[in-house]
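Worksheet: one structure, shown below.
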């Protein structure tokens, strides 16, 4: 299996970047096991928390997100995470215990149709393990641990402790959004990393909804301060702007606000505040969309005419690769640093 590095830079020459460029078989096995175990524990405990054996405290609450929206968001997020984690499991057919990770995007290389490219793969298959996914896995595991602890605390009525675990989870999720997904040499959203962007940002959106759901049992103030509501709106707005220009997290926050509007509410001030927050965020997303259109969506790479989704017939195959020994030797000497390239050449 070939793992492309569309950045055009050899993996050993990515200075100043925090993105992983390779992973060992042993480390991948450990991450696989921890990711699956932590996610399974989170899903099991969350299912229990969503259907508690005893009813929630029957006290007036200023706001409560609609339980159907919470359950639907959790289910959608869980399915996305399952599909995302599934990509970690593949047949290890590499020589040695190290594989290079796919990252970045090179428009020139992606649209090349010349016969000098020394690699081949079926354009309908996956293109290798994403560096963004590997970088996000430790934080994903830690987030699952915090969510598991939150579910346990919630189910036992320790709502303040549960809020602390949720705050820790949101912190690590936002770290993934603002730090791990914005690194040198892999700063664009590409067909290689787009699923990681979706999973990480929907996880952050769900973390925000969980915090509001839990806080509704702690916050009993029926007449909130204007500053409190304004601060909440500003935080939402900053998250939307900071996670942009793609609208994934912004759409999740809109969903959360809709859940709060349609849920049980005993506070008219919060009810109207959620409406105004939605309006401001919608305007912000529309402005970002307009700016992106003006800039030809420069934050997206590989989704146009030469995208991974439409590469059939444009990428070279073994059958179109020249078998001229002079060309073969020249290519081998220029790419000798990359073991994946060398092994594929040896097969020709």
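Using N, Cα and C of the backbone, Cβ positions are placed for all residues, glycine too.
TrEMBL entries are annotated by machine, without manual review.
Values in this document were obtained by computation on a predicted structure and should not be read as measured data.
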Which one of these stretches, 270-291, 292-313, 314-335, shows up in TrEMBL as transmembrane segment?
270-291
Name the residue range among 89-111, 158-180 that TrEMBL annotates as transmembrane segment.
158-180
Under a Cβ pair cut-off of under 8 Å, which of the recorded stretches 30-49, 69-85, 158-180, 192-212, 270-291 contacts the transmembrane segment (134-152) most often?
30-49
